[in-house]
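Enquirer: Right, I'll just put the structure down here and ask away after.
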Amino acid sequence: MFDNPERTNLEQLGEFGLIDHITKAVELKEPSTVKGIGDDAAVLDFSGKKMLVSTDLLLEGIHFDLRYVPLKHLGYKAVQVNLSDIYAMNGIASQITFSIGLSSKFPLEAVEEIYAGALLACQKYGVDLVGGDTSASVQGLVISVTSIGHADGEAVVYRSGAQVGDLICVSGDLGGAYVGLQLLEREKRIFLENPNIQPDLEGKDYIVERQLKPEARKDVVELLARLGIKPTAMIDISDGLASEILHICRASGKGCKLYEDKIPIDPMTYETAREFGIDPTVCALNGGEDYELLFTIRQADYEQVKGQPDISVIGHVTDADGGYELISKSGNVHPITAQGWNAFTSR
Ligand code: ADP
Ligand code: MG
């Protein structure tokens with residue numbers, strides 16, 4: 001299960017030894033970090049800005065399966081998923097805390113892998129790791145990340161600001177992470193039936209990466225700032241387009257019309273979904289874990305986003321009486337309902 005063949009028992013180190021060991025590699029670079037690891041609390045200074053805080057809990061067997069998720073990817077993804085929430089507020093993420101619960105099956109080398117991934121994400125996104133907590137767990141691995149960010153007061157974008165006539169936009173492409181998950185699950189089943197068969201993920205790098213190594217869209221927040229666009233409402237796509245657009249509509253007291261043919265789906269996502277006999281549009285609507293940004297903009301901003309390869313306009317906001325509608329490729333009208341992930345049923 002672990003790449004590093006050495007196994008250093010955590011009991012040899014003890015809690016403080018482990019904390020010292022894993023936090024050795026931590027560097028502080030953000031000007032807003034006054035004090036990081038080593039006291040009872042981190043100290044941050046945002047001098048007059050609005051502070052943003054978001055937290056996530058990830059449990060082995062519920063949110064990830066270590067039979068195909070490499071630990072380094074897991075550490076990386078745990079951070080990305082959390083930063084994504086800060087970007088969804090149109091904020092800049094600047095710090096995280098990273099907490100872990102470890103059962104006895106994890107040696108030091110496993111923890112090192114998780115941290116290598118987490119610190120890589122921090123480095124890439126300009127975020128300091130300023131604390132965390134470490135505990136034994138009876139069963140399985142637990143990770144909790146809290147991210148902290150900031151924004152000028154006026155810059156913060158809520159889910160509730162969409163207005164009638166606004167254009168609905170999405171970054172990147174959708175459905176890939178879900179199709180990647182189907183692929184990994186299929187290879188896991190094949191492997192469990194016959195351990196001599198090696199996983200066949202040949203040519204499927206993009207969707208496997210979408211699942212294992214998502215990238216939060218800090219670049220899109222920066223792009224919108226450069227274009228001088230402040231979205232009227234925004235959310236990140238963790239549970240699928242359907243669920244997220246309903247969150248925006250309900251928070252804003254509005255309806256929506258989405259056009260199926262405008263939903264961006266990568267060709268590999270499309271083909272692989274077809275191989276699995278699933279509708280690619282359903283993957284985009286209900287798949288989840290794409291960590292793209294879904295946002296609404298004023299019509300006046302259309303000229304600015306029109307030529308942007310990373311932004312697709314997929315519909316518009318209507319008044320609440322218009323309901324939540326998807327216009328299919330053949331022109332039929334379907335009501336949008338959220339399936340999303342239910343954390344309390346097994347997948
Ligand atoms: P406390 O007893 O106050 O909870 P700890 O001994 O748990 O303090 O933590 C000591 C310092 O190490 C704190 O600054 C804490 O934020 C940091 N720390 C503990 N665990 C982790 C971890 N898994 N990752 C990063 N920092 C950690
Ligand atoms: Mg502690």
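Keep in mind that glycine also has a Cβ here, set from the backbone N, Cα and C atoms.
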Enquirer: Determine which of ASP85, ASP173, ASP279, ASP301 appears in TrEMBL for the same Mg(2+) 3 site as ASP40, ASP236.
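Expert: Record check against TrEMBL: Mg(2+) 3 site with ASP40, ASP236, extra candidate from ASP85, ASP173, ASP279, ASP301 is ASP85.
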Enquirer: Given that TrEMBL lists GLY132, ASP133, ARG159, SER238 as binding ATP, which residue among TYR115, TYR259 does it place in the same site?
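Expert: My reading of TrEMBL gives TYR115 as the candidate in that site.
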Enquirer: Using a Cβ cut-off of under 6 Å to any atom of ligand 1, determine which of the binding-site residues SER54, HIS63, TYR115, GLY132, ASP133 qualify.
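Expert: Listed by sequence, the hits are GLY132, ASP133.
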Enquirer: Give the residue counts of the domain 'PurM-like N-terminal' (38-150) per reduced DSSP state, in the order helix, strand, coil.
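Expert: Going through the domain 'PurM-like N-terminal' (38-150) residue by residue, I get 35 helix, 42 strand, 36 coil.
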Enquirer: Can you tell which of ASP56, ASP133, ASP236, GLU289 has the least company, meaning the fewest other C-beta atoms within 10 angstroms of its C-beta, among these binding-site residues?
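Expert: The binding-site residues ASP56, ASP133, ASP236, GLU289 were compared, and ASP133 has the fewest Cβ atoms within 10 Å.
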Enquirer: Rounded to the nearest Å, what's the C-alpha distance separating SER238 (ATP binding site) and GLU289 (substrate binding site)? Just drop the number here, would you?
Expert: 4
Enquirer: List the Cα distance (Å, whole number) between THR55 (Mg(2+) 1 binding site) and ASP85 (Mg(2+) 3 binding site).
Expert: 9
Enquirer: Taking the centroid of the Cβ atoms of THR55, ASP56, ASP133 (Mg(2+) 1 site), which other same-chain residues have Cβ within 8 Å of it?
Expert: LEU57, ASN82, THR97, PHE98, SER99, ILE143, SER144, VAL145, THR146
Enquirer: Of the binding-site residues ASP56, ASP85, GLY132, ARG159, which one sits closest to HIS63 (substrate binding site) when you measure Cα to Cα?
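Expert: Given the candidates ASP56, ASP85, GLY132, ARG159, the nearest one is ASP56.
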